[in-house]
């Protein structure tokens with residue numbers, strides 16, 4: 001295996017002059033306050049090593065990366081029947097598109113667009129009060145990261161609740177089609193809080209390890225999902241994890257990955273490790289601009305692309 005610390009150091013050095021590229025997510029007021037001149041990257045390998053560079057210990061809002069963890073929980077609750085309510089195909093449209101949802105009669109294209117993630121939150125909410133469902137997610141993230149210090153940023157959750165009009169529209173639209181079972185306010189309470197989970201690159205890389213190691217956290221030995229389910233979650237991350245930029249990410253990076261508008265990306269190198277990168281400036285489709293470049297550089301220098309080197 002390549003000297004991963006040297007690889008990370010070289011990526012950081014090459015990207016340092018470009019810090020601040022992209023545009024922070026200004027439609028969520030709390031995210032608009034984030035300093036764009038930050039960059040962190042961490043790799044957690046299946047043999048238990050952690051390598052990091054830059055602002056890798058600074059917590060940030062993981063936003064849509066949380067959809068990976070909620071999908072894992074939902075599949076654990078209802079299994080394959082989840083796919084009666086959510087599709088598995090790339091969207092080709094913006095992550096908060098209503099047009100596609102109307103055309104497909106309230107069935108979201110995949111669990112990583114906002115509508116799909118809201119439907120997944122509805123599944124996790126079943127049998128719970130909203131506070132309990134939020135607690136279940138937080139316990140799960142702490143479990144897979146083996147870190148009890150991970151928290152939810154209430155300011156971010158409140159900020160999203162106050163400005164999330166499009167998400168309210170999506171949820172009400174699905175409710176009208178019978179694809180949301182609980183009160184919309186309860187479902188979105190869960191959704192906004194899951195997006196407000198705050199983690200560092202180091203914590204996030206560790207949390208993703210179960211997807212790199214056939215469903216088991218290799219550091220703790222905890223079995224999280226079956227190898228088959230880990231493989232299928234990775235497949236969805238590869239095809240749908242970057243909204244309408246998913247094909248471009250697969251082309252340039254070649255790894256399963258999930259982005260968030262907080263500027264984070266979680267990527268998985270199956271059998272090798274989990275990678276988290278954070279740079280708040282986003283490209284035009286809402287993915288971290290420098291984060292994607294950093295992962296492309298990493299894949300090129302390590303040969304980790306799932307399509308070969």
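Cβ coordinates are placed from backbone N, Cα and C, and glycine is handled just like the others.
Cross-referencing 143, 243 with the substrate binding residues that Swiss-Prot gives (64, 114, 160, 167, 191, 261) picks out 243. Residue 261 (substrate binding site) falls outside any helix or strand according to DSSP and counts as coil.
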